[in-house]
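A short worksheet on the structure shown next.
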Amino acid sequence: MSETASWQPSASIPNLLKRAAIMAEIRRFFADRGVLEVETPCMSQATVTDIHLVPFETRFVGPGHSQGMNLWLMTSPEYHMKRLLVAGCGPVFQLCRSFRNEEMGRYHNPEFTMLEWYRPHYDMYRLMNEVDDLLQQVLDCPAAESLSYQQAFLRYLEIDPLSADKTQLREVAAKLDLSNVADTEEDRDTLLQLLFTFGVEPNIGKEKPTFVYHFPASQASLAQISTEDHRVAERFEVYYKGIELANGFHELTDAREQQQRFEQDNRKRAARGLPQHPIDQNLIEALKVGMPDCSGVALGVDRLVMLALGAETLAEVIAFSVDRA
């Protein structure tokens, strides 16, 4: 394909036909299991507080809003879907566009397709099994293996991530030639993420999908803390052939705790010189009413299609990557 022919799609038509078949297969998977498909807004007056996510911001100008109203493109449909759970919708899934103002590259596009679903009365392990079922059905891959975050660090880096201090983490980073970044980093979780990215991820999910679960409690995000070990959160991620595919939680249902976590995120943002983000008070109010105990997961569909088709880049499986949009 000519580099100057920017009008052309980034994906071939055969790839788009295969992608459509995979989307239909995903919908059949959930229809067969009685999971309701829903659609929620792509824009909201609130957004994520996570220091590692950069949302797009826009302004609405219309009747009653002559001065404009700030809106954010959704990085995930999570908050709206949880409000539906509180309203009594039962198990739900969504295939939707999500937006993150981050890098563009082999595995990234600022606009992408997300598959997200929630299962009331499922614990983390039962949802992991369902994710495994979906991957086997779509990718025709072997059944997944699982190991804890702690086991992964001990196996590949010979360090315990739950007890190591920052000095010990920097020593391991030096062995990975990461001292130029690690030596000036004061946030322990950022150091852990650095080691996970460069020391663990390249070693897992080579032959079969790999679940990594029980991330440190300090990285809980919207997940519950384990009742068996308060050092870890009921959170998992899935990796296959060098690609992070999904991130799942045994969902936090405590409104007060969720408010505190959002506020803590904003304090971290301020400390790093990042803008603080508006907290989604509609979600907090919904949690006060009571969300059923549930587990949920977000899966990158474009990456899933990449794996299914054996493509090398995301651009090969989406109609128009951002440089051709």
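Glycine is treated like the rest: Cβ placed from N, Cα and C.
Annotated features in Swiss-Prot:
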BINDING   Ser76, Pro77, Glu78, Tyr118, Glu251  substrate binding site
BINDING   Arg100, Asn101, Glu102, Asn109, Glu244, Leu245, Gly300  ATP binding site
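All protein chains shown were included, and the count of other CB atoms within 10 Å of the CB of Tyr118 (substrate binding site) stands at 28. Asn109 (ATP binding site) sits 14 Å from Ser76 (substrate binding site), counting Cα to Cα. Between the CA atoms of Glu251 (substrate binding site) and Arg100 (ATP binding site) there is a gap of 22 Å, rounded to the nearest whole number. Looking only at the binding-site residues Glu78, Glu102, Glu244, Glu251, the densest Cβ neighbourhood within 10 Å occurs at Glu251. Of all the binding-site residues listed here (Ser76, Glu78, Tyr118), Ser76 has the Cα closest to the Cα of Glu102 (ATP binding site).
Look at Glu251 (substrate binding site): DSSP puts it in a strand. Across the structure, Tyr118 (substrate binding site) and Leu245 (ATP binding site) place their CA atoms 17 angstrom apart. Each residue in Tyr79, His80, Met81, Lys82, Glu116, Leu222, Gly296, Ala298 lies on the same chain as Ser76, Pro77, Glu78, Tyr118, Glu251 and has a C-beta within 8 Å of the C-beta centroid of that substrate site, without being one of the site residues. Counting only residues at least six positions away in the same chain, the Cβ atoms of Leu135, Pro209, Val238, Tyr239, Leu299, Gly300, Arg303, Leu304, Leu307 sit under 8 Å from the Cβ of Leu245 (ATP binding site). Taking only the Cα positions, the spacing between Ser76 (substrate binding site) and Glu244 (ATP binding site) is 16 angstrom. In this view, the densest Cβ surroundings among the binding-site residues Pro77, Gly300 belong to Pro77, judged by other Cβ atoms lying within 10 Å. Every protein chain shown contributes to the tally, and the Cβ of Ser76 (substrate binding site) ends up with 21 other Cβ atoms within 10 Å. Distance from the CA of Pro77 (substrate binding site) to the CA of Asn101 (ATP binding site) is 16 Å.
Ranking the binding-site residues Asn101, Asn109 by other CB atoms within 10 A of the CB puts Asn101 at the bottom. DSSP classifies Leu245 (ATP binding site) as strand under the three-state reduction.
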